[in-house]
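> The structure is given below, and queries will be raised subsequently.
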Amino acid sequence: MAVAAAAMIGFPQAYLEGKEVKETSSLVTELCRHFYTQGWVSGTGGSITMKVHDASIPKPEQLIVMSPSGSLHLKVAFFNSDSDFVASLNLCVQKERMQPEDMYILSANGSIISTPSPKPYPNKPPKCTDCAPLFMKAYEMRNAGAVIHSHGMESCLVTMLNPQAKEFRITHMEMIKGIQGHGYYDELVVPIIENTAYENELTDSLTKAIEAYPKATAVLVRNHGVYIWGDSWIHAKTQAECYHYLFDAAIKLHQLGLDAATPDHGPIRRTIHSQNQISTKLSVKSGVKDSQNETEWPRRCIVLDIEGTTTPITFVTDVLFPYARENVGKHLNLTYDTAETQEDIKLLRAQVEEDLRQGVTGAVPIPHADEGKEKVIAAMVSNVEAMIRADRKITALKELQGHIWRTGFECNELKSVVFEDVADALEKWHFSGIKVYIYSSGSRLAQKLLFGNTDYGDLRKYLSGFFDTTIGNKKESKSYKEITETLGMDDPSDILFVTDVYQEATAAKAAGLEAIISIRPGNAPLPENHGFKTVTSFSQI
C-alpha cells in the first residue's frame, strides 16, 4: 500500500498500518461482499465508506476508509485459424472479491493519504470511488459514521413511479421504525434528485437535498440508486435494509393500485382537473363559503393542536395531569432500573439544574444515583408536581408524563376524549387525500396514546405523523419552519395549522403557514381584532 505524508496530518504510518485501520478495511470488504449478495453493489454500481472508529480521536477528525472505483479496463483476446480478435471491455472491480488492501484511506477533510498498490495485468491502476465527494458531504453535513451507496433495483424503480415527484413518501409501515427519528405512525420523506452522466456531478444537488431535508438520512437519485448514512456502520446498514424494504413495499403497493403514502394504504387517487374544479379552487382560495357555511381550504396538509382544538382542555387539566401527578412516584418505583426511566431522570435532572440557575419556583436539586433510589424519586416527585402546577411545556416533563399515561391506557384506567366532530373530520380529510399531522406540547408517545384510545376507536389510522416540542417551542416561528422542512413542503401556505392559542397561530403565520383558531368550550378568550379566521367545529373546515 502506498502511503502519503500521513504524519503531516497527525497520523504516522504506524497508525495507518495499525489495528483500527485494518479492522475497518476488513469490515468494508466484508460488507461489500454482503451487499453484493443483496444486489446493491453489483456490476459497476454501489460503494461503501466508513470512519475508522477510535475512541481517542473526536469523530469529526477520524480517518475514512473508502472502497476503490468500480471500473477497470480488461482486454480479452480470441485466436483462431482465420483471424485474431481483441475486445476491449470496461468492467468493474468485483465487489465480492475485494480485499482489505484494496481500500483507500482518507483524512477527515477528504484528502487521500493512503492508496492501494497496483495489481498485475489485467487490472488498471487503482482509483478512489467516484462517490467520494458525495460521501464527504454526508460526513461533513451530518457527522455520519458510515455511508452506503446502493444500486438496488428497488431504490431505482421507486423513483420512477412518479417521474415528477421530488420526494418518496410512505407511512404506517413497521419498518419505518428502523429509520432514525421515525415511528410506525410517522410519514417517512426521502428527497429525490435527478441523475447526471457522472457521479461527482451529483454533489451540488445532493448537498441541497441534505440542507432542505434536515431530518433525512437518505437521498434517492432518480433512475440510479440511493445514498444512505448513519451514525455508525451498524446504523447505516440497518437503515439501508429498512429503506430497501420500504422501497420494495411501495413498488408492490403501487402495482396493486394502493397508495403507500396514506395511513390505510387505500386506492391511489388520481385527480382530473376540470375547468369547473379550477374555478372552484380559485373561489376557495378567496375564502368563499358554501351553502352549508363550510370553508374549503386548498391545502395539502393540516396540522392540528390537541388541547382546546381536538380535545377539551378539561380532559388534560382534570384527568391527564392529575393522573400523572398521583402516579409519578409509583411509576418511578416500578420502573426505576429501566433504561427508559433512567433517561427520563437524566432529562429531568438537566432541566432542574437549569431551573435552579434561573431561580424557577418549586425547583429542588435531584441527587445523583449513588445517594439512593428513594432520595432520587422523592426529588423527582417534588419537581414534577411543581412543573405540572405551573403547566410547564418542557420536553423532560412531557416525556415522563407520556410514559406514565401509557401505563394508564394499558391498564384501562384512562380513556381519551375528543370533540364529537373530530373523528368524522379526520376520516373526511383522509379520504379526500389530505394528510393530517399533530403538533402538541405533549410528547409524541402521549399524542399517539390519546388518539389511539378514544371513544371513537383508534384514530391514528387517519394521522400521518406527530410533532412535539423536540422540534421547537410552539410559540416560535422557527418551529413551524422546521415542520415545513420536515414535511418537504416548498410552499408553507400549503399547510393549514389549527390551534386555540393566539400566540401559536401568530408564530405559524409568521412562518408562512395558513392559521385558523379553534373556538371550543373552556378555551381562553382571544384578543380583540386578532385577525384570524375562527371555527367552532372541524365540520367548518
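Indices start at 1 and increase along the chain as displayed.
Quick reminder: no glycine exception, Cβ is built from N, Cα and C everywhere.
All annotation found in TrEMBL is predicted automatically rather than curated by experts.
Take a look at what TrEMBL says about it:
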{"type": "REGION", "residues": "1-259", "note": "region 'Methylthioribulose-1-phosphate dehydratase'"}
{"type": "DOMAIN", "residues": "26-251", "note": "domain 'Class II aldolase/adducin N-terminal'"}
{"type": "BINDING", "residues": "Cys131", "note": "substrate 1 binding site"}
{"type": "BINDING", "residues": "His149, His151, His224", "note": "Zn(2+) binding site"}
{"type": "ACT_SITE", "residues": "Glu174", "note": "active site, proton donor/acceptor"}
{"type": "REGION", "residues": "302-541", "note": "region 'Enolase-phosphatase E1'"}
{"type": "BINDING", "residues": "Asp305, Glu307, Asp500", "note": "Mg(2+) binding site"}
{"type": "BINDING", "residues": "Ser440, Ser441, Lys474", "note": "substrate 2 binding site"}
> Using an 8 Å cut-off from the Cβ centroid of Ser440, Ser441, Lys474, can you name the remaining same-chain residues around the substrate 2 site, in sequence order?
Asp305, Ile306, Glu307, Lys393, Tyr439, Gly442, Asp468, Thr469, Glu504
> Report, in whole Å, the straight Cα-to-Cα distance of Ser440 (substrate 2 binding site) from Asp500 (Mg(2+) binding site).
12
> Compare the C-alpha of His224 (Zn(2+) binding site) with the C-alpha of each of the recorded positions Glu174, Ser441, Lys474, and give the closest one.
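The smallest Cα gap between His224 (Zn(2+) binding site) and any of the recorded positions is with Glu174.
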> In Å, rounded, how far does the Cα of Glu174 (active site, proton donor/acceptor) sit from the Cα of Glu307 (Mg(2+) binding site)?
29
> Of the binding-site residues listed here (Cys131, His149, His151, Asp305, Glu307), which is spatially closest to Lys474 (substrate 2 binding site) when Cα positions are compared?
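Spatially nearest to Lys474 (substrate 2 binding site) by Cα position is Asp305.
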> If one looks at the chain holding Asp305 (Mg(2+) binding site), which residues at least 6 apart in sequence have a CB under 8 angstroms from its CB?
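Those within reach of Asp305 (Mg(2+) binding site), by Cβ under 8 Å and sequence separation of 6 or more, are Ile438, Tyr439, Ser440, Lys474, Phe497, Val498, Thr499, Asp500, Val501, Glu504, Ser518.
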> Might you list, by sequence position, any residue in that chain lying six or more from His151 (Zn(2+) binding site) with a Cβ less than 8 Å away from its Cβ?
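Correct list: Trp40, Val41, Ser42, Gly43, Gly45, Gly46, His224, Gly225.
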> Among the binding-site residues His149, Glu307, Ser441, report those whose Cα falls within 10 Å of that of the residue listed as 'substrate 1 binding site'; none is a fine answer.
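For the residue listed as 'substrate 1 binding site', the binding-site residues whose Cα atoms are within 10 Å come to His149.
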> Between Ser441 (substrate 2 binding site) and Glu307 (Mg(2+) binding site), how far is it from one CA atom to the other, in Å?
9
> Beyond Asp305, Glu307, Asp500, what residues of that chain have CB atoms within 8 A of the centre of the Mg(2+) site's CB atoms?
Ile306, Gly308, Thr309, Thr310, Thr311, Ile313, Ser440, Thr499, Val501, Glu504, Ser518, Asn523
> Hey, what's the Cβ neighbour count for His224 (Zn(2+) binding site) at 10 Å?
20
> Counting across all protein chains shown, how many other Cβ atoms sit within 10 Å of the Cβ of Ser440 (substrate 2 binding site)?
25
> Taking the Cβ of Ser441 (substrate 2 binding site) as the centre, count every other Cβ atom within 10 Å, in any protein chain shown.
23
> Sorted by position, what residues of the same chain at least six away from Glu307 (Mg(2+) binding site) have a C-beta under 8 A from it?
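For Glu307 (Mg(2+) binding site), the qualifying residues are Ile313, Val316, Ser440, Ser441, Gly442, Asp500.
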